[in-house]
Each structure stands twice: as structure tokens, then as C-alpha cells.
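Reading through the C-alpha cells given below for one structure.
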Ligand SMILES: CC(=O)SCCNC(=O)CCNC(=O)[C@H](O)C(C)(C)COP(=O)(O)OP(=O)(O)OC[C@H]1O[C@@H](n2cnc3c(N)ncnc32)[C@H](O)[C@@H]1OP(=O)(O)O
Ligand SMILES: CC(C)C(=O)C(=O)O
Ligand SMILES: [Mg+2]
């Protein structure tokens, strides 16, 4: 039968130790209910001695959450254990998790205790916890920097005292994967009572190796992994739950273990935890980051359009995301662009598609991401385009609250280059006067409107103008991330139409 690895979630205890996070009982309960849906095996709900608020939160979770084991943390002291036991009383499946540090550094400087004193405190703590609940977990804090002989003795005595789970923490994220695997294997071989307890690991991410260390431990035979949603936790955090679970899933061929997590709840859980804690998820975060299932590069997009598994090792649906995304930007290619147009309902002939793609690339050079609204604007703008008799090659404008606005333009009118300058009551007025002069067209602006087509600082601005020429109204549109440029394009577009109306335009 395939071995099962239990997922012990410590988002509400170690995760809450993330600098800047403080959760009230209501928030903790909401997260705990989602963890229940995620189907974690154990929820470490808090550290009841820490505060009345945490006591109440653990109690509320113990009362309301059914299914997972509810654990409460306690130092190896009577008062901590009594408080944890009290908070866990209503739990269907309570666990007291007691711990004491075992490394020379911690014993000497922090606890000021000898090895024998630590051993005695650990045994007493496990026994006291056992007087309240059947399920007792014992952790040797800073195990990875502890003396191996002492560690074996400590775990052995903890199991004899009644510990049902022994946890091996890499408290300060110091171990390397090979070292950590050696530590776990040595303990498995040298603690005679090890078969009577579940073996667990608890890894921190100070050197970015928490997930790798936890997965190495799985290969050594551990049956519980402690982790936190979004990798929250003290300092650089704990091993990320979603990364461990998806590694076990995606590489089941390699790890060959089962787990109980409903992976389709991963995305929702991650979002909820991020919203409630206020800790944003970095976009390139594995599994749950905004980019985890997004493809920007044309070659990748082409591959994914042909067959998703070319660049996706797990499906977005498997974590509860509706779909992957093809982000249109400067690295995108024709395949992805054409596909997006199709989704938006545009079927363009090849030459139109090529032109639209060229404009898309121009825009993508200026803008980080080209949105659907941008694309619609490009296609619609192109659809109503007459051949260009007037082309604005360049323009310059200078303005200020104490200076008259001045503008100059260089225009190509049917192959002839004309330069003109003008002043105006504002930059747009000055530019439009310069354009009228350069094109030698006597027309009048009757309406000007500007709107943002898309969102963000680099949004496309769309300018629409109405120009009166000999009593006839001509509409012009301009689109650019620069609103002055959009204004010039709109006016030139309207003037171009006046030329074609008079028969002065030439086909290009
Ligand atoms: C590796 C981990 O993540 S361990 C969990 C860490 N989490 C937390 O600390 C969050 C909650 N903590 C708290 O609210 C507080 O620290 C409390 C309530 C637990 C204790 O507060 P205080 O009594 O004010 O003590 P303080 O935090 O300043 O110092 C810790 C004390 O616990 C002792 N201690 C630390 N770990 C243990 C342990 N596992 N078993 C017994 N005693 C311990 C220290 O030696 C120190 O003792 P001293 O007061 O006699 O010097
Ligand atoms: C309480 C223990 C398990 C802990 O959080 C650690 O050692 O990091
Ligand atoms: Mg920890």
C-alpha cells in the first residue's frame, strides 16, 4: 500500500509569527474553516498561553472545526500545557504540541539549562500533556543544530513518555537537503522506539530550502510535514504548503506517497490567507503566484496553444484556477495575438492581421501589458482607417502655467515635408494651429474628448475630435499611451478625412 504523508498546517501558529501579522479569533476561524475544506490533517490553531485572544481563537476553532486534528502549542511547562489543554477541550480530535530546544546554543544562552534538565522538562511536559489528551506531539527545537547523541536520547524518552508524534524542526533553516536527509535517517535508525510514533519535519526557509528539505524527508520515510499556506512563518517563513503538496502530486512517480489534500482548494485558500493577513503573494511565487500559470513569451504561447503540457507541468484546474493566461506583451508572437483576436470575436484577413500585429508590437514596446481593451481599440481604429495623406512625422510642444504654449510639427503631406509652428491657449490648441498651418487646411475644432481606454498609469488614451470643414463635420480618433500624441493623431486623422472628402487625398 502507498504510504500516506499527513499535512500539518501551521499557518495559524507559526504562520501568524510572520512579522506584521496578528489575527483575531474570527479571522483565524475563517481560515481554519477553509483549511478544513482544503482537507489538511492537522490545524495548529495557535499558542494558547500567548494571549487571551489566541486562547479564544484556539477554543473557537476546537469548538467549530470538525475533521482535522486541532493542535495547540505549549512550551515544556505546566502552565503552557494546562492552558493548551483548556483551549482544546471542545475539540473532536485534540493534540497538544509541546517543545523544548535541544541545541547547545539554545540550551546555554536561551534556556540556561543542561541537557539533563532539558530531557527532564521534555519528559514531564509530554507526561502532563498525555494526562489531558491521547495525541501528544513533541518537538526538539533547533534539532538540526543539536548533538545527535542527545537528540536520539531526547526523542527516545519523549516517545517512552507517551509522544505519538515526534517532530524534527530545522528551526533556523540552516540544514541543506542532504544534511537534513541524513539527520532524519539517523534518527529513524537510532531511536529504538521510533516505530511507535509518527515522524514529522518542520522546516524554515532562511536559505530558501524549506520545501526541498521537507521533500527530502519524505524520501526518508517521514509521515508528517509541517507547513504553512503561502510559506508564511517566522522570519523567511515555513515550507509552503501548496509547493509541497503540488510537488507530491506532480512528481508522484518520484515521491510515491499519498496525501489527503483537496488540491482544488489551494488557490482559494492562498487568496483567503493573503487577504486576511495582508501579506501579498509575489507574482512569481510557485503554484499560487499570479504568473504561475501565465505565459508571455511567443514561443511558449505557441507551444501552449498547440499542447498545454509543452510548458505546463500541472494544470491550473488542479489548484482551483479556472484557466491559464496568455499575457500579451512585447515578447508575444502572432499565434497568441491571433488567438486572442479570435476570442474577442475578430476574424481578420492576413494583411489586416499583420497590420494589427505591428501596431500591437509598437504598443507593447511602450506598455507592460496589452489588454483586451487595447486590442479592441487597435482593431477598431484600424478598421476605420483611410489611406494616410497626412502623416505627422514628429511634433514638439512646450507649455507652462506662466508661459504661452508653443508647438511645432513636421508633417508629410502626400510625400511633401512641411514644418510649422504656432502658439495657442494650451498645448493642444497650439499643436492644432501648427497642424492646420502645415496642412494648409482651414477647419475648426468643434468637439474634443479624451478617455482612458484601459486602466493603470500606462493606459491607452483615446482622443476623439470633431472638425468642421465648410459646414461638414469630420470625426477623428487617435490612440496612444501619450495623450498629447493621441490628440495630434486624432486631429491629423480628421484632417485626412477632409482631404479625401475634397478629392485631394491620394491613394498610397
Ligand atoms: C521556534 C518557535 O517558533 S517557538 C514558538 C515561538 N512563538 C512565540 O513565542 C509566540 C508567543 N509567545 C509569547 O506570547 C510569549 O513569548 C510567551 C507568552 C510564550 C512567553 O512570554 P514571557 O513569559 O514574557 O517570556 P519571553 O517570551 O520573554 O521569554 C521566553 C521564556 O520562555 C522560556 N522558554 C522558551 N522556550 C521554552 C520551552 N520550550 N520550554 C520552556 N521554557 C521555554 C525562555 O527560556 C524564557 O524564560 P524566562 O522568562 O524564564 O527567561
Ligand atoms: C515550535 C517549533 C516546532 C517551531 O516552530 C520551530 O522549531 O521552528
Ligand atoms: Mg517554526
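Cβ from N, Cα, C; glycine included.
Given the structure is predicted, the values throughout are model-derived calculations rather than measurements.
According to TrEMBL, the features are:
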- 14, 202, 204, 238: Mn(2+) binding site (BINDING)
- 5-267: domain 'Pyruvate carboxyltransferase' (DOMAIN)
- 391-508: region 'Regulatory domain' (REGION)
Worksheet entry | Contacting binding-site residues, sequence order - 14, 202, 238 vs ligand 2, Cβ under 6 Å | 14, 202
Discussion item. To see if you understand the setup: which same-chain residues, six or more apart in sequence, place their Cβ under 8 Å from that of residue 202 (Mn(2+) binding site)?
Written reply: 10, 14, 139, 167, 168, 169, 170, 171, 226, 238
Discussion item. Neighbours of the Mn(2+) site 14, 202, 204, 238: Cβ within 8 Å of the Cβ centroid, same chain, sequence order.
Written reply: 10, 169, 171, 203, 205, 210, 226, 227, 228, 233, 234, 237, 239
Worksheet item: Once near-sequence residues are set aside, which residues in the chain of residue 204 (Mn(2+) binding site), 6 or more away, have Cβ atoms under 8 Å from its Cβ?
Response: 169, 170, 171, 172, 173, 210, 233, 234, 235, 236, 237, 238, 239
Fill in: For the region 'Regulatory domain' (391-508), residues assigned helix / strand / coil by DSSP
32 helix, 57 strand, 29 coil
Worksheet item: Which site among 14, 238 has the most other CB atoms no more than 10 Å from its CB, taking these as binding-site residues?
Response: 238
